[in-house]
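Per TrEMBL, the features are:
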type: ACT_SITE; residues: B:Asp92; note: active site, proton acceptor
type: ACT_SITE; residues: B:Asp267; note: active site, nucleophile
type: BINDING; residues: B:Asp92, B:Ser93, B:Gly94, B:Gly95, B:Phe96, B:Asp147, B:Gln190, B:Gly217; note: substrate binding site
type: REGION; residues: B:248-254; note: region 'RNA binding'
type: REGION; residues: B:272-276; note: region 'RNA binding'
Number of protein chains: 2
Amino acid sequence: MASFPFEIAAVDGQARTGTLKTSRGDIRTPAFMPVGTAATVKALYPDQVRQAGADILLGNTYHLMLRPGAERVKRLGGLHHFMRWDGPILTDSGGFQVWSLAGLRKMSEEGVAFKSHIDGSKHMLTPERSIEIQADLLGADISMQLDECTPFPCERDAAAKSMELSIRWGRRSKEAFGNRETQNLFGIVQGSVYPDLRQQSAEALIETDFDGYAVGGLAVGEGFEMMCNVLDVTTPHLPHERPRYLMGVGRPIDLVEAVARGIDMFDCVMPTRSGRHGQAWSDHGPFNLKNAQYAEDESPLNEAVNCPASRDYSKAYIHHLVRAGEYLGSMILSWHNVAYYEDLMARMRAAISEGRFDAFRAEFLARWEEGTGKRA
Amino acid sequence: MASFPFEIAAVDGQARTGTLKTSRGDIRTPAFMPVGTAATVKALYPDQVRQAGADILLGNTYHLMLRPGAERVKRLGGLHHFMRWDGPILTDSGGFQVWSLAGLRKMSEEGVAFKSHIDGSKHMLTPERSIEIQADLLGADISMQLDECTPFPCERDAAAKSMELSIRWGRRSKEAFGNRETQNLFGIVQGSVYPDLRQQSAEALIETDFDGYAVGGLAVGEGFEMMCNVLDVTTPHLPHERPRYLMGVGRPIDLVEAVARGIDMFDCVMPTRSGRHGQAWSDHGPFNLKNAQYAEDESPLNEAVNCPASRDYSKAYIHHLVRAGEYLGSMILSWHNVAYYEDLMARMRAAISEGRFDAFRAEFLARWEEGTGKRA
């Protein structure tokens with residue numbers, strides 16, 4: 001095969017639902033990918049990730065190339081075998097994490113030279129090396145092109161130059177990737193907040209011909225409204241028949257609004273990170289189990305979510321665990337949050353299938369506003 | 001019922017195997033009780049504790065009375081319901097933890113006044129209050145009398161005075177406990193390393209008439225040989241027909257040698273604590289997964305132990321998780337260690353049943369010496 005078959009079962013407005021059929025299993029879209037940075041979705045067993053409803057994980061090239069090392073993962077049978085996850089895995093290119101290493105990195109046309117945050121060792125990430133790590137060594141089902149994440153805010157000229165570099169890196173990534181039987185490669189649209197740059201980026205990527213298209217350069221501080229605006233001017237330029245992936249986003253409301261704008265795939269550390277900080281997510285927004293109001297609250301986190309972490313433990317017990325700094329508090333909250341995110345995706349898929357996504361979205365926004373006191 | 005029925009199915013030398021039948025389920029003896037200090041066996045889900053083979057847990061009165069508070073646990077339905085463990089629970093009296101608070105406690109005939117290590121608040125633990133917390137508020141299936149843990153080393157006169165105080169506190173504990181349908185109370189033998197004091201303590205407790213008898217004042221730095229010596233002069237004075245519990249012990253080899261001396265029950269934080277520090281236990285002693293030698297070791301921790309944590313993950317993967325400071329490393333190692341301890345108990349029970357405990361013990365000691373380079 002070239003591109004994984006992507007069967008769009010229903011379209012409702014801009015929103016779509018379908019199945020991306022990889023050789024390691026089907027991905028039901030819109031899909032949320034829990035983040036397994038260091039070859040583990042933090043504080044969850046792999047079985048629990050699956051049980052929570054995830055079809056696909058994300059792995060971080062930057063972290064894995066430094067520890068345990070991509071060659072070592074290869075010798076140990078590849079990332080799937082290493083971490084005992086037999087479903088599909090998408091890896092990022094490492095570009096975003098390296099870009100975040102302000103002061104420790106040096107960009108050039110060739111790629112990014114950087115120092116490890118773990119031991120200070122020197123490394124070079126090029127489009128070719130990133131593909132080698134992702135596709136050959138880790139064995140990702142979906143690899144991402146190396147790109148430069150444009151900062152926010154960014155002047156138009158700088159945004160254009162950055163976006164053009166990402167286009168050239170995209171071509172080199174594609175060249176290095178070649179044709180593979182059971183692996184795919186996605187390109188990444190950049191262009192900051194400038195509609196014409198986003199369009200130019202999308203058109204150039206389509207010419208390079210990727211298996212799927214990501215929207216990059218968001219979730220970097222631009223805010224909710226700007227994110228929606230960028231999606232409004234970007235997704236219309238992406239091919240209908242290929243999956244669209246919004247990188248690093250976000251809160252539940254962000255997911256709902258991005259699905260409304262035609263996005264099919266997401267990843268975010270939020271459910272696991274906030275779980276480790278005592279926070280649980282819901283349609284009414286986040287709530288912190290540390291708060292005294294939960295000390296004797298016998299209700300579960302959310303009995304509508306089909307997950308032991310959501311259903312079986314009282315808020316009072318989780319409050320106690322969080323206050324006492326117990327592992328189990330982080331474990332239960334992380335598992336619940338992943339399950340809640342996956343449940344939200346399932347509800348969106350059902351709403352799109354049944355042609356009632358607008359109603360679902362309106363009801364969700366009402367609950368969100370009721371719970372948070374804010375529209376978004 | 002008064003005392004829980006204790007059916008001794010087989011005796012082999014001093015070692016015994018049987019079943020202690022509580023109203024919340026059977027405890028197969030010799031039994032190892034994982035420690036659930038703060039209403040959680042650290043880094044394990046309750047289902048995993050059960051799946052590891054544990055029939056009974058230990059809860060710590062001291063920790064629970066301070067956080068979340070014993071009255072609060074009562075309002076929330078008792079400790080079993082609060083932490084979702086429907087099997088039996090034994091609670092300690094709080095005496096040992098309070099005794100460990102050097103400088104923050106004051107002993108008197110009445111009890112122990114102390115300050116919380118969490119918030120400095122003042123508390124008083126008496127035999128009566130300890131029973132109220134354990135039996136009435138937490139709802140323990142087996143409560144322990146309040147005792148004074150005699151330090152090691154200790155002069156004979158001081159050890160005698162301390163042991164006598166524990167006898168008086170034992171009587172007051174029994175008086176406060178009264179007769180209960182579905183709950184039991186154990187006494188605690190003290191007397192330091194002095195055989196006649198241990199005998200005197202045992203005889204006085206038997207006169208008070210407890211449902212089971214614990215050996216206290218060990219696991220306080222006296223060492224392996226001294227522990228064995230104290231057991232040699234203590235268990236012969238305990239009634240054959242009641243369970244015997246060695247408190248706070250220990251390493252696998254300690255359990256084997258204590259079973260050889262007629263002990264039926266154990267608790268220890270070792271499997272979970274060392275799991276959080278990268279350590280796995282085996283018949284060959286402990287080994288630390290942080291060590292570079294495991295970086296590419298694809299074998300599991302122990303495929304003979306019927307637990308996913310023991311069988312399903314490579315040492316190389318766990319090595320990586322421990323090095324990266326990931327939750328899952330502590331989770332897998334803690335679960336494996338509890339399962340290994342429970343598996344060791346099951347192997348001892350089978351050996352006693354089949355009249356081959358001496359051979360089992362000799363083989364175990366040989367493996368231990370081979371692995372550790374030491375006899376014990």
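One is the number of the first residue shown, and numbering goes on along the chain from there.
Cβ from N, Cα, C; glycine included.
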If you count the other CB atoms within 10 A of the CB of B:Gly94 (substrate binding site), including all protein chains displayed, you should get 26
When you measure from the Cβ of B:Gly217 (substrate binding site), which residues in the chain that are at least 6 apart have a Cβ under 8 Å away? B:Cys149, B:Thr150, B:Phe152, B:Gln190, B:Gly191, B:Ser192
Based on DSSP, name the secondary structure state of B:Gln190 (substrate binding site): helix, strand or coil. coil
Long-range Cβ environment of B:Asp92 (active site, proton acceptor), under 8 Å and at least 6 residues apart: B:Leu58, B:Gly59, B:Asn60, B:Thr61, B:Tyr62, B:Met144, B:Met247
According to DSSP, which kind of secondary structure is the residue listed as 'active site, nucleophile' found in, if we only use helix, strand and coil? strand
B:Asp267 (active site, nucleophile) and B:Ser93 (substrate binding site), distance between Cα atoms, whole Å: 14
The predicted model's mean pLDDT over the region 'RNA binding' (B:272-276) is 98
Go ahead and report the DSSP secondary structure tallies for the region 'RNA binding' (B:248-254): helix first, then strand, then coil. 3 helix, 0 strand, 4 coil
Measuring Cα to Cα, how many angstrom lie between B:Asp147 (substrate binding site) and the residue listed as 'active site, nucleophile'? 17
Cα-Cα, whole number of Å: B:Asp267 (active site, nucleophile) versus B:Gly94 (substrate binding site)? 15
